[in-house]
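Asks: Let me give you the structure first, and then I'll get to my questions.
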Amino acid sequence: MKLYTKTAHELHDLLVRKEVSATEIVKTQADRMQALEPKIRAFVTLTVDKALEQAARVDAKIAAGEAIGPLEGIPMAIKDNMCTDGVRTTCSSKILNNFVPPYDATVVTKLKEAGAVMMGKTNLDEFAMGSSTENSGFFATCNPWDIERVPGGSSGGSAASVAAGQAVFSLGSDTGGSIRQPAAFCGVVGLKPTYGAVSRFGLIAFASSLDQIGPFTRDVRDCAHVMNAIAGHDAKDSTSAPVDYPDYTSLLGKPIKGWRVGLPKEYFGDGMDPEVKEVIEKAVKTIEDLGAEVAECSLPHTEYALPVYYLIAPAEASSNLARYDGVRYGYRSESADDLITMFKKTRAEGFGDEVKRRIMLGTYALSSGYYDAYYLKALKVRTLIKNDFDQAFEKFDVILSPTTPTVAFKFGDRTDNPLQMYLSDIYTLSVNLAGIPGLSINAGFAKGMPVGLQIIGKPFDEARLLQIAYAYEEATGCHSKMPDLGV
């Protein structure tokens, strides 16, 4: 039995029937990680010893005849920008290379309470700034479907670990597409929840009004189970929403007949690879065959999403990253003779090129001479983008689009052209600006690589996104395919 091919709910059934132990599952995952890490490089830090201790506790619970929850004993991975008590948390940056937090992020606490077993911390673009993991301060992660291609970013390690069978599920963060884009590139499920639905306490901030934590899973049911564990109000996060949260599995398997589905004309224009377009059109036809009513809609202001995002996100980043000064924690340059020089050298030596670029962009946008012309104007257009979605959702239940305009690109293809790199998130940025949920599922394949279908919903309507995604998954079976890694 190849345990690494199983989903969380399949492993749960095996545990309940005592056909396998949690320790066996963890050892299988550890062997898989050891065999694949030289090739995939998804992890920054491994925590297998701690995972085995956690698994032993789950086995003892089962042996005592106690009931276990759907995630108990299930191996997971955590993106390395979420604090983990006693485990190094680097943001894949030299400036935090030796930072060990004294507490867990709320999502980590919740998953531990749910009995999930952490196998390690995954690689990312430094401070979550990037779309390929090529900006990691340590190494680039490879796409399990083709190791010469990127896994996407910034949560590339989290997506690759699930696609390769190194983790059953993982957590990522999404500021402009950093869950959905790598999910599309790696052929897994990736959900960016509504802003405020999942606590950001313990997430190392990039852009605080845009950041959101969400899951990567191999199928939609697993995604629902992880959301049940991590969603909910948290008093430690002032932006956490005090609303009623549903059972995210409750609508799975229910029909979508009569649903009104919108296709934004702005998302189906120039720039999309013809083969990707073909896969998406076929996916839309499948949704129609399932009984949904599909019609064109318009999101006119989303054409400004890219410049709006690259004014707001760097502005917030320049403020958030001001704390890395070499004084309180993190890297400190030892070659400085005075305090000001120490600040300058610490940041010059500790940050990578993309992080420096975005700090400079943000500082420029916030400077007194340009604040009104750039930053404030971007905030106003952000409101117009949100209004576009509000108006569309008066007529439609969900909106469908490609997740990305192309399949995963090869290493080095876009490193010398930042704008081309930024354009890989062109279909995902608006969802963050509007604060609404977006889900990417595998729609099929083009050029032998996965293609993502993005499903966008109303605020706090994640359960219905999962419902339509589950219906599509059941109709196509695309989620069941795994890359052949020769192990």
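Cβ coordinates are placed from backbone N, Cα and C, and glycine is handled just like the others.
Pulled from Swiss-Prot, these are the listed features:
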type     : residues : note
ACT_SITE : LYS79    : active site, charge relay system
ACT_SITE : SER154   : active site, charge relay system
ACT_SITE : SER178   : active site, acyl-ester intermediate
Asks: Roughly how many angstrom lie between the C-alpha atoms of SER178 (active site, acyl-ester intermediate) and SER154 (active site, charge relay system)?
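Replies: SER154 (active site, charge relay system) has its Cα 5 Å from the Cα of SER178 (active site, acyl-ester intermediate).
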Asks: Express the distance between the Cα positions of SER154 (active site, charge relay system) and LYS79 (active site, charge relay system) as a whole number of Å.
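Replies: About 10 Å separate the Cα atoms of these two residues.
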Asks: Note down the number of other Cβ atoms within 10 Å of the Cβ of SER154 (active site, charge relay system), including every protein chain shown.
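Replies: I count 35 other Cβ atoms within 10 Å of it.
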Asks: Enter the number of other CB atoms within 10 angstroms of the CB of SER178 (active site, acyl-ester intermediate).
Replies: 36
Asks: Counting every protein chain present, what is the number of Cβ atoms, excluding its own, within 10 Å of the Cβ of LYS79 (active site, charge relay system)?
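Replies: By my count, 32.
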